[in-house]
Structure formats: C-alpha cells, structure tokens
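Worksheet: one structure, shown below.
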C-alpha cells in the first residue's frame, strides 16, 4: 500500500492536481495578484504611493467611512436577529421548524437588487399596499428607505440568514453535557443562556458577524439602489460609478479603490481567524440532537412573534413588488382600472433583451455550476488526504478560491477586466465583451460554495475504501469515477444548485462585465430600475423570485440523499 | 462593346433594388428608452426581415464608457450609435471613429442640426424642462421658482455623469447670464438629488418621492397621458435641447444595413414613428405629437456646442464638486 506521503507527481493523479491548480490559480489567484500589483507599484518599483494618493481623496475617504459605518451597523443588527432566530429554532420546542427555516433563509436567496426595489416600492408615497390601507406617506415626504437607517435595515435583513446558519451550526456542535450539568445544578433558562450557551457560541457569533460585515461591504444591489437616492455613497457604488461613467481610462484609479475594498475585507477575515484560534474551546462531545427546551406557556407568543416578523419582512415587499408589476404606470393609486398585464407582455414578448438575459443567465449559471461541481470533486479528493505535498498544494488552491469568494464581486470583476481586457496570447481575441468572461468570473467567485458542499461529503468517506481499491490495482481515474464521485455526487449536486441559484441571481459580478448580447438577469433588472422603468423591473423581479422559490422547493427533493448541511434550508 | 457594358450595368442596378434584402447582424448602442428602442428596431426589422438586430440601452455617458472599453479591447461591438447629443458625436468624429454616409437625404432638415460631413444625423428634438408631481402646492413657471422653500429637499435632476441630455442642460443653464453656476449652487443648497439618469428622476417624481425635477419632455408628457400624476413645464427662460443623433462607426461590420437604418430614421416614415412615440420630430414636415406646444412657441436656451466640448471635463468636475458626484 502506498502511503499518502509517497505521492508523486507522475501519472493521472499528479497531472490532475496540476491541471486543477493551474486553472484555479489562473482564475482566482492571478487576477487578484494583478490588481494588487497595479496598486502597489509606481514607476516600476514597489510603492505605497498610489494607494496613499487614493486614500487622500475626499470622495474615497467618505465612501470608505460610509461603507464601514453601514456594514458595521448592519452586521450588528444581523447578528442579533440571526442569533435570536437561531436560538428560538435551535433550542426550543417551537413548532413547524422546517417551513420557518425555509422562510428565514429566503431573503438570502432573493437577489439584493430585487429586495431594494421591492422595499423602495413598499414604503414610498406610491406604495400600492400602503395606499390601499391609507398609510402611504404624503407626496414629497422623505422616503423612509432612502436613508442610512433604511440601508442598514435592508442590508441586515439580507444577511441575517448567514448569521442564522452559522449560529445554528454552532448549536449543533454544542456538547450537551455542559448544559445538562448546569440544568441539573438548578440553573434556569436565562442564566443557562447567558453563562453557558452564549459564551460557548462566541466563535460562531464572531464568524457570523464577520460574514455579515463582509457581505454588506461587497453588496452592490442594495448599496446602489438605496444608497444613491439616499446620497450615501459607499465603496462599491463609487467603483461602479467611476467605471460606468468614465470607462476603462480610469481603470488604474478604480483598481486602487477596489484594492482598498479588498484589503478591508481580507483584513476583517484575518482578524476573525486570529480571534477564533484564541477562542477555540476544546470540548467533549459529538454533534448531537440540539436541546428542545420546553417553552411552556411562552411557546405560542414566541411562535407568533417569529411568524409576524417574517410576515412583515417578506409579505409587504413581495406584495408591493407584485402589485407594482401590474401597474399601468408607476405612481397610480391601486385600483382595478390601473391594473394591467402589459408589463409582463412587454418584457416577455417585446423586449428582446429580457429573454436573452434569462437565457444567458440560465446557461452561464448552469455551466458554472457543472464546472464547479467537477472542479470540487477533483480538488476535494486531494483536500481530503490527511497529509503530504498534494494535500498542501490542494490547500493552497482552495485558499485562493476562498479569497476570491471573500472579496466583493465587484473587486473580482475589476481584476478580471485587468486580466482579460487585452487580447489573449496565441488566440488574439479579447474575452472582454463576451459571455465567457462572465462565466469564468462565476467559476472563480463561486467555486468556494461548491467546494464547501463537496468537502462535507468527502469528510465522511472512509479512507480505507480508497486504499482497498488501490491495493486491487485501480488507477486514479478509475477510483475517482467508481468510488469517490458516486459517494460525493449528491453533495456536489446540492453545491451545484447553490452555485446555480447564486449566479442566477447575482448582479455584483456582471455589473461591470456585461455587454451587448451578454446581458444577465441581474444587470437587466438593475438597468430597468436605474433607467426609471420600475414597473418593468418589478415584473422581471417577480418572475425571478417565483423561479428562485420553485428551484429551492425542487431541491428539497434532494434532501434525503445529501449529508446534513449541504442544503442550507433543510435540517 | 459600350452598349454591352451599359446593359450589364443596368442589369446590376436593376438586380439591386432600393431596398436590397439586407442580412447578417446589426448592433446598435442607444440611449433611447427600452420600449422605444425596441419599437424602432422592430419597425426597421419589418422592412428587412433577414437582419438580426441586437441593441443595448444605457445612459449616453455610460454607453460611451462601454464603447471606450471596447475601443481599448480592440473590438468595438456596435455598428451604430443612437445617443442623446451632438457634442458626444462631435468628439467621436474628431477621433476619426465615425463613417460618413454621403448618400443620406437631409434636404428637408435644418442644416444647423445636421453634420455637414454627413457623419451624424439628428433624429428628433428632445427638450429638457421642469416636471412636477400634480400633488405639489407650487407650480413652477421659471427655473428660479425651484429655489423657493416649497421645493426644499424635494427636487431631483439627472446627473451629467450619466445622461447626455443632462450635460447639455447643465451647460445651457449655467451659461445663461441670469442663472449661471450660482443657480446650480442654489439647487445644491436646496438639497437637490442629482444622481442617475432621466428615468430615475421620472420615477422619483411620479412616485411622489420628489415633487419637482429636471426632465426630458417626452417622459413627462407621455407619463401624464398614461395617467401618472405628473405635468411638464417649459420654463420662461427657455428649455435646453438635444437632437438624438445617429451615426455609423468606422469599425461597423455591416455598413449597408447601418446606412439603411440611418436612412430609415430620417425618412418621413421614421420621423412619423418618432412622433407616434411622443417625440418632437426633427423633420419640420412631420407634425408634433399631442401634448406639445406649437414648435415656434418653444423657446430654446442659447447653446454653443464647440464651447461645450471644450469645457466638458471641467464642467463635469465642477458639477461633481457642487453635488458630490
């Protein structure tokens, strides 16, 4: 039997690893390295000068401060909301947990630009729902969502599900002995929560907070559609506006601002990793069924408040979005005479761009999902090894994917423009302005999502299976195809579906990469809204939301076949 | 021999009728609203069913940024541009990016709005004035009314960083001796929201988030016809105007089809289509649509295109400084 450390780079195994490493480095590592190279050099030498110049600009300072302020506040709120919900669902005997989890995670899967459009329609003077109940603000009154508070509320609502997932996973891995011991010693629920549960959850809370913070920093849809009318410019909007308004002649300037955003993001992640290392509590106990504390008479009120909160957060914007999509023209009061299906007819039958965008996004998202599933199965095989050069190399590759996922999509797309604007060597064509650049960017940015799912499955595969096949003389590809792939396939599939949904609904990556004939659903909705065709934007958003919910429900069918945790909205 | 040649030439010209069956792909970059762009493209395609037409819509400034990116990548996509203003076209012409279409028939048009070298052609007259929400208490008649307390924090305008029409409006208004940059500074002190394009302003005023705005005429007049709570004012100082010119790029891949598209837009039929969409046609023989005053009643602010091109970057910088970009 060959031990993992006897690994050599000969044969299919070595070649496969080399190929994956090359591809991922080309897509994730090199573009970012190029971005940093531009930012950190001046006149051929290493220099912090350009970055310092960028930081000295007043508009950059203001945008940086706004980004930090809104992201910090929204991360705090998201952490509180997500944790409360995770505790309510993870520790108590609240009923109907499955549909609740589905609804709690829904905001995460709805594209942020759609959330922004829906809320701006829901709370303004022209709100169809508020007008119907006579609560709409008077014409000319300031729009409540177009403010720092509105921006923070929407961002935290969008990212609350991330915190919920992380804290719930933390609760799962929670050793029951401690809480049992405390309860036996007579500690009551609040004391248990305060002295035992929350301190033990600290690493999860921190991770959730940082994830929400980083997601808010890179969020483009909400920052643009709410921040611009609120006159509150954040870094992603500054980057987008400069590049969309002045073109690539300012790419150097924009690259520096993106790098700044990238540095802030990576810095936060690094701090989190450091803090978590210090906090790690070595605890006894395997993952087990979480507690189901009997709430007694409090159960009904707790249930009612959870459902009410979700209803207010989901129903009001959804109804407004749907009602606006049926309006003859924006600004009319809600009445039978102002309703029409014209907007749907316009986007489905007359506007060529809409159907093209649906087709483009579907194909690009599906291809990205397939490619990522393939890459993840291959890369995961090496990551699951216990040690050796191959494991270390694979770890290096996976780290690049993690970084590409962590930095905001807009930063990655700037890096992609830097890398692919000039014609490719040998072929002589530029990828910029083609669907290929968007597809490759999806693979680079969302690889980490697919890899995560697959790794959950690889960890459960017994290493002796591989050894047995080796001893029987099976080559690398044979083992991969006959043993590993079938075992991790369901997880890879659910990872692929997550990748599909994420790319199908994104706008941050394609906002700067789209071109004639290569529009995505996200850019089309965004451009309708930005161009003032809010009824068309509402119609297209409604279709997207319905499609997303249907895909999520369809994925539930996969639930029995995948390891726990592979589908976020399933237990 | 001579007659044979002549006969051969005759057959060739007969075999190529005025509307040759064009084929292949035609790519158009435009700042027209989506629905209008689609209608225009559909009407043209009805004449040439063999053509495949692809188009992209965005604000003029953003269309230009996209095009600059494609120039840099060495592969400009569009055959044709149909954007807000002649100033932008003039700068492209200077860079040598535009193809002359010598055969275009512009005899009916005012020579002042057509390029004498036939590289770009004005297709309509789009004026920018004041839109207001009909729920507002004050009905503005002059630009200066917007500095009144009633308009405090409830005024929106398109940004020159997005919109070509807004750029021309800014230059026209600020070079008016009665208004000047002091007027724009006054608007900033009023808490004016100056971001995005005309569409965003329309949405804000129609939705009642803002009560007043600078806006292109057709959006307001058309919205009012559909029943939206908006109305349009031609201020007493005058309105600014852009002419939405069309041009063919030198790098066009389908030059014949592009020329046919230009011919279509400036034909009486194309002009009638523009009028039916609610635009003031550039062709003097085509009547204005409902909701517009008679053409000789519309007063235009003075505008010097050469000076506008010269001071373009400086003007935009000044704007960014006043309104914070």
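Using N, Cα and C of the backbone, Cβ positions are placed for all residues, glycine too.
Here TrEMBL flags A:64-272, A:358-555 as domain 'ABC transmembrane type-1'. Positions annotated as transmembrane segment by TrEMBL: A:12-38, A:72-91, A:98-119, A:145-171, A:192-214, A:254-275, A:306-327, A:363-384, A:396-421, A:433-459, A:480-504, A:536-555.
In this chain, the transmembrane segment (A:12-38) lies apart from the transmembrane segment (A:192-214): fewer than three C-beta pairs between them fall below 8 angstroms, excluding pairs fewer than 6 positions apart. Remote same-chain partners of the transmembrane segment (A:192-214), defined as residues 6 or more beyond its termini with a Cβ less than 8 Å from a stretch Cβ, comprise 71-72, 74-76, 78-79, 82-83, 87, 91, 156, 159-160, 162-164, 166-167, 169-171, 174, 178-179, 182-183, 265, 268-269, 271-272, 275-276, 279-281, 283, 406. Remote same-chain partners of the transmembrane segment (A:72-91), defined as residues 6 or more beyond its termini with a Cβ less than 8 Å from a stretch Cβ, comprise 97, 100-101, 104, 148, 151-153, 155-157, 159-164, 166-168, 171-172, 193, 197, 201, 205, 208-210, 212-213, 216, 290-293, 302, 306. Sequence-distant neighbours of the transmembrane segment (A:306-327) (same chain, 6+ residues past either end, Cβ-Cβ under 8 Å): 85, 88, 94, 100, 103-104, 106-107, 114-115, 117-119, 121-122, 127-129, 157, 334, 338-341, 343-344, 534-535, 538-539, 541-542, 545.
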